[in-house]
């Protein structure tokens, strides 16, 4: 696959306060990098907990929550891309070894935090993309489902497998999977705990794109970045408002959804970007959107 040249800034580790980490390279399990040059506007979140295959433990969740809280206020983030620093794995789901040490009350509190994390990802104002280059099981797939778009390697393995462990999806899987695939198919996948390949997931519509894995093991990331590059030139305010209209509109009846669309459209009318788009069309040139 042809790789597009881009300028890379260093990964910036985020350390959760008062927590010990088993992440690589300095101990942070969540790292952030803003791309530069032609890819400026794309921000990447690297999940990097190799000892536990990016399992959703306390430190991991705390760092990711803090990272999202910081990034959601940054208007320079036009696309947020989730990727893994652990080869062959996107996210292995819940940290069951850590879970075994919790009381029943602590389990309930932690799962509520997980649900809040997935809601924060879903509510992120800019488009989000999950690059699934390996296993995405249980909570790992729930994390991907919380993203707007999903790209998978054809060899990736994913599924809501909680029922095979005596559990049920508790971080949004029972709600987001049927909204993605329909009720009957979601029930089948959850009831059976079935695992899907990236290719099978693409056929069902669970992922937007499935690509053959490369030698480096990052084919899904490369395709996800190319998808982010398609979003970058578009008017960022219009894109964000389009996300709001879709997300909120699909939760209500169509008449209410049309009203939501109208409110979002009204917010976009006074923007400089709308005027720039009209001027560029009239002058037969490429628009230069600034997000204002």
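A Cβ is built for glycine as well, from the same backbone N, Cα and C atoms used for every other residue.
If you check Swiss-Prot, you get these features:
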- 1-35: transit peptide (TRANSIT)
- 97: N6-succinyllysine (MOD_RES)
- 97: N6-acetyllysine (MOD_RES)
- 142: site 'Important for catalytic activity' (SITE)
- 162: site 'Important for catalytic activity' (SITE)
So which one is it: of the recorded sites 142, 162, which has the fewest other Cβ atoms within 10 Å?
162
Quick one: Cα separation, the residue listed as 'N6-succinyllysine' versus residue 142 (site 'Important for catalytic activity'), in Å?
19
Under DSSP, is residue 162 (site 'Important for catalytic activity') part of a helix or a strand, or is it coil?
helix
According to DSSP, folded down to helix, strand and coil, what is residue 97 (N6-succinyllysine)?
helix
